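Feature annotations, reproduced from TrEMBL:
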ACT_SITE  HIS168  active site, proton donor
ACT_SITE  GLU300  active site, proton acceptor
BINDING   ASN67, ARG68, HIS168, THR169, TYR170, ASP234  beta-D-galactose binding site
Amino acid sequence: MAEPKIFELNNGIMQVKVSNFGCTITSLSVPDKDGNLGDVVLGFDTLEPYLKGAAPYFGCIVGRVANRIKDGKFTLNGVEYALPINKPPNSLHGGHKGYDKVIWDVAEYKQGDNPSITFKYHSHDGEEGYPGDVSFTATYTITSKTTMRLDMEGVPENKATPINLAQHTYWNLAGHNSGKILDHTIQIWANHITPVDQNTVPTGEILPVKGTPFDFTTENKIGSRINEVGIGYDHNYVLDCGDEKSGLKHAAKLKDPISLRTLNLWTDAPGMQFYTANYVNGVVGKGGAVYEKQSAACLETQGFPNAINEPKFPSVVVKPGEKYKHSMVFEFSAE
C-alpha cells in the first residue's frame with residue numbers, strides 16, 4: 001500500500017503542493033499585484049486532517065461521479081444500481097469513500113520549468129456501488145509561469161458506467177486566511193443554470209439566468225445578490241457562451257479587488273458547479289486559520305449533476321472502448 005505524501009510543483013514563481021491522497025491540492029501560491037506570494041486555497045498544513053475526514057472536499061478530485069445522484073439510484077442497461085446515501089437523501093461525490101479518500105499511485109513526477117505529476121487509480125467493479133472496472137489518470141502540470149493544467153482520463157474495462165470527475169478546490173484569491181469572498185467579483189460564461197429542488201438536485205429543467213440573481217454573464221460581486229439565493233450559491237451553470245482556446249471553453253473569471261489576483265478558468269466540461277462554501281463552519285485550517293461559511297468559492301467543472309437520471313442532460317455514461325477525458329486550465333494573473 002502506497003503511503004500518503006505531499007509533492008511540490010514549483011517553477012520559481014508558482015508553488016503548488018499536491019497529495020497522492022485524493023489528488024488533493026493542499027496549497028497553491030501565486031503572486032499578487034506587488035509580486036507577493038499568497039496561498040489561495042483552503043486546506044490543512046499536514047495530511048492528518050484529510051485522512052481523518054475533516055476536509056469538506058478541500059482541493060481533491062471527486063468521483064466516480066461528482067455531485068449528487070438523486071436517491072442514490074440509477075438504472076443502466078436494464079440493471080438498477082444503489083449507491084451509498086452519504087448526503088441524505090442523495091449520494092454525493094462518489095459515496096462514503098470516493099476518489100478523494102483513496103491513495104492514488106504516482107505514475108510520473110517531473111521537476112523543471114514545467115513540473116508535473118501524474119496519479120493513477122484503478123477503480124474496481126462494485127466500488128461504492130458503481131459498475132465496472134475503470135483505470136483513471138490525473139496529471140497536474142505547471143504549463144507557464146502562473147498557469148496550471150489538469151488532465152483527467154478514465155478508461156472503462158468491462159462495463160458501461162457513469163463517470164464524472166470534478167476538481168473541488170476552495171479558492172480565496174485574497175489568501176486562504178482572509179475571510180469571506182463576498183467582495184470577489186466573478187464572471188461565468190453561462191446563459192443558463194440547472195435549477196434544483198429542496199435537496200439540491202437538479203429538477204431536469206434548464207433555465208435562463210437573465211434577470212435572476214444567478215446572472216454572472218457580466219462581472220459582478222459574489223455578494224451582490226447572494227442573499228436572494230438561500231444560503232448561497234451551489235448551482236450547476238451550463239457553459240454555453242465562452243470563447244474557446246485550444247479546445248477549452250472560458251468558464252469563469254474570479255478576481256479579488258484588493259490583491260488583484262485573478263483566476264481565469266478554462267474547461268472542456270459542459271457544466272460548472274459554482275459553490276460558495278455554504279456548509280463550511282469553523283474548520284481550523286492552515287496556520288490556525290478558521291474557515292467560515294462563504295470563505296471561498298469552488299468552481300467545479302463537471303457533467304451536469306444527476307445526469308445519469310436525466311435523459312435531457314448530456315450523457316455521463318462511458319462504454320468500454322471509449323475514454324472519459326476532462327481537462328481544465330487555471331490561468332492566474334494580477335490585473
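Placed from the backbone N, Cα and C atoms, the Cβ positions cover glycine too.
Automated prediction, rather than curation, is the source of TrEMBL annotations.
Feature map: TrEMBL annotations on the structure.
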{"residue": "ASN67", "record": "beta-D-galactose binding site", "Cβ neighbours (10 Å)": "29"}
{"residue": "ARG68", "record": "beta-D-galactose binding site", "Cβ neighbours (10 Å)": "22"}
{"residue": "HIS168", "record": "active site, proton donor", "Cβ neighbours (10 Å)": "26"}
{"residue": "THR169", "record": "beta-D-galactose binding site", "Cβ neighbours (10 Å)": "24"}
{"residue": "TYR170", "record": "beta-D-galactose binding site", "Cβ neighbours (10 Å)": "28"}
{"residue": "ASP234", "record": "beta-D-galactose binding site", "Cβ neighbours (10 Å)": "18"}
{"residue": "GLU300", "record": "active site, proton acceptor", "Cβ neighbours (10 Å)": "24"}
Between the residue listed as 'active site, proton donor' and the residue listed as 'active site, proton acceptor', the C-alpha gap once rounded to whole angstrom: 6
Rounded Cα separation (Å) that holds between ASP234 (beta-D-galactose binding site) and GLU300 (active site, proton acceptor): 10
Whole-number Å value of the largest CA-CA distance among ASN67, ARG68, HIS168, THR169, TYR170, ASP234, listed as beta-D-galactose-binding: 18
Inter-residue Cα distance where the pair is GLU300 (active site, proton acceptor) and THR169 (beta-D-galactose binding site), in Å: 8
Cα distance (Å, whole number) from GLU300 (active site, proton acceptor) to ASN67 (beta-D-galactose binding site): 9
Rounded to the nearest Å - Cα separation of ARG68 (beta-D-galactose binding site) and GLU300 (active site, proton acceptor): 13
